[in-house]
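Everything below concerns the one structure shown next.
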Amino acid sequence: MAVYLDHAATTPMLPAAVEAMTARLAVTGNANSLHAAGRAARRVVEESREQIAEALGARPSEVVFTSGGTESDNLAVKGLYWARRDADTRRRRVLAPKIEHHAVLDPLSWLAEHEGAEIDWLPVDALGRVHPETLRAAIERDPDSVALTTVMWANNEVGTVQPVQELAAVAHEYGIPMHSDAVQAVGALEVDWSAGGLSAMTFTAHKIGGPIGVGALLLGRKTAAVPVLHGGGQERDVRSGTLDTPAIAGFAAAVVESVKDREAKADLLSGLRDDLVARVRAEVPDVVVNGDLGAGSGLPGIANMTFPGCEGDSLLMLLDARGVECSTGSACSAGVAQPSHVLLAMGVDGEPARGSLRFSLGHTSTKADVDALAEAIGPVVARARAAGVS
Amino acid sequence: MRVLAAMSGGVDSAVAAARVRDAGHEVTGVHLALSRNRQALRDGARGCCTIEDSHDARRAADMLGIPFYIWDMSDRFHEDVIEDFVAEYQAGRTPNPCLRCNEKIKFAAVLDKARALGFDAVATGHYARLLAGPHGPELHRAVDPAKDQSYVLGVLDADQLAHSLFPLGEDTKPEVRAEAAERGLYVAKKPDSHDVCFIPDGDTKAYLAKTLGTDSGPIVDTTGRRVGEHDGAWGFTIGQRRGLRIGDPAGDGRPRYVLDISPVSNTVTVGTAEELDVTGLSGIKLRWCGPEFTGRIECHAQLRAHGEGVPATAERTGADSIDVLLHEPVRGLAPGQAAVLYDGTRVIGSATVAQTSR
């Protein structure tokens, strides 16, 4: 049986989510229809919205359903930029670190290319963190020109957690909206929207045991965002499109359960993760751990490691052949391995950045998974070293 | 065996991978990303290595139930194939980048990496046969003369051949397409690739002009009379007739062809079709597909990717040089092209044409 160590890519659905979703799959009903079928669907959607809001400390009206993380990031970054620029044309600066997911980075480059945005990259430290003083200094250069800032809650490749609340407090001082991509954070860290001071926050179902294809943006009640999708005016007129009632039901079940079990699961995962790192290090003594493994300061289930002298590609293929599934970072659609932009931003050189693997644990992970990796990694690294770095 | 199947996204390599898998080997598919700036979609028969091609290769691998990866060889390809291609044209020669790619990339960089990673062989969709011989595997022509690709494999040495598989050499292209359709492979009807893969529009002259700029010089006839002007000698190949833009017609009104390109004087020489006939060549950069020959042998020499060989006498003139006397004249042979020598259907080896004699 395959050893699945890629939960940060997607994690198996929780039984409660499967049950909630399948219960609605064969039921007709558009949540916008006025008749009984529509009302029944709307009830499911709104109850789901309330459950999600409650689990994350938000108000139901702040939950905007989308098709997932990429759409939420696009809506937040573009929507906030357009709204802020339209209100005051001087606001063209966007402050962001280079360790963001491509779902944030690429909309930013698009805005720079087509909409006159200027991206001011926020430097990160060797662990990938943005310091509040760094954000303050960037704002201070010209506070009136800042449209928004966006800093992810926790990094998908190395697990580094940002001081989101402190960053949001700085942005708030200047009246600047801040978005955070919390796709990896929800269900793994304490995420309390009401304490966060954020204007917008992205999260998605399939990283926490819900279905693929549904996510949400928490959008502050006073935060204006120009829509990306125009149409029937659903979701506060910010995101048009018929709502996916079954998926939303599954999403809500996953949020509720993953938030409820969060602390116990985090302890379990960080224990397994520490074991995984120690066992790999025992087999490959010169392995270098990237990111933050500190208790409470990094994502509990992620271990990113550089294997000197190896191509990440070769390692991945050899592990795959032995039934161990992991990732070299965030995969690009064309499948061509690039050095991780996250590691490069953290100051890791190009070659080590190409020789890195991300192992990510989740709710189905067991000690047997770690055992299997520990058994495979020694011979795999020896082979990959023989093949070298091209 | 553990076999790495190089999958271009075309029908041939997909069927090759399927056959190796059916023969009981453990097969892993690999698509080579050779272009630094990959186009999203392919345009008919032109180009390769688009994202669509890698998608097609992945679909075929998924259908076959084999693991599939993309290897980025674009830097190696750029250095070893594209830069070489441009430099050769710049030097007034006519290179064949497909041979170069087989020699330096597919059966070198890829094969080396595959062997280091624990694979025993690389399989490709080339139409050629490997037959057991007294000195190890011998490279032979495919049974389908219309598709035979042994010419572009004439740069492989015995060690490379010993770790190669060409599962399509016994069949014709229609048979392979029919098999692909029968297997439900969605690439069954995909058009064949033509032209140089990194020049997707097929316009080599425009590609070179973009890379090398313009450098105008004279076009002269064999008497040295100036008959026109060119904007870059590298834009011509020997035997070329079209695009000379010679305003003044030849005295006898017969068409004129490029006979010679001299990069040093930046001169292009033109003449008649008869003057293009080559009867001998000297070759360098020898590659042996099996045992080397010494002295003099009777053989067939093939000088282009398509077509048959001509009867020839080859003589070893040094460690890395041969002379080849062609018993039938060959029109428009250019330095830089490959001369592949055959003993019957068996490939003896190859040389790069250094000089031709008329």
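Placement of Cβ uses the backbone N, Cα and C atoms for every residue, glycine included.
Automated prediction, rather than curation, is the source of TrEMBL annotations.
Among B:Leu32, B:Leu34, B:Leu117, B:Leu139, only B:Leu32 appears in TrEMBL as part of the ATP site alongside B:Ala6, B:Met7, B:Ser8, B:Gly9, B:Gly10, B:Val11, B:Asp12, B:Ser13, B:Gly125. Ranking the recorded positions B:Ser8, B:Leu32, B:Cys101, B:His126 by Cα distance from B:Gln337 (site 'Interaction with tRNA') puts B:Cys101 first. You'll find the Cα of B:Ser8 (ATP binding site) roughly 11 Å from the Cα of B:His126 (site 'Interaction with tRNA'). Just so you know, the Cβ of B:Leu32 (ATP binding site) picks up 25 other Cβ atoms within 10 Å once every protein chain is counted. Among the record's ATP binders, B:Ala6, B:Met7, B:Ser8, B:Gly9, B:Gly10, B:Val11, B:Asp12, B:Ser13, B:Leu32, B:Gly125, no two C-alpha atoms are more than 15 Å apart, and one pair sits at exactly that spread. Counting in whole angstrom, B:Gly10 (ATP binding site) lies 17 from B:Cys101 (active site, nucleophile) by their C-alpha atoms.
Closest to B:His126 (site 'Interaction with tRNA') by Cα-Cα distance, out of the binding-site residues B:Ala6, B:Asp12, B:Leu32, is B:Asp12. Around B:Ser8 (ATP binding site), taking its Cβ as the centre, 23 other Cβ atoms fall within 10 Å, counting all chains. DSSP assigns B:Ala6 (ATP binding site) to a strand.
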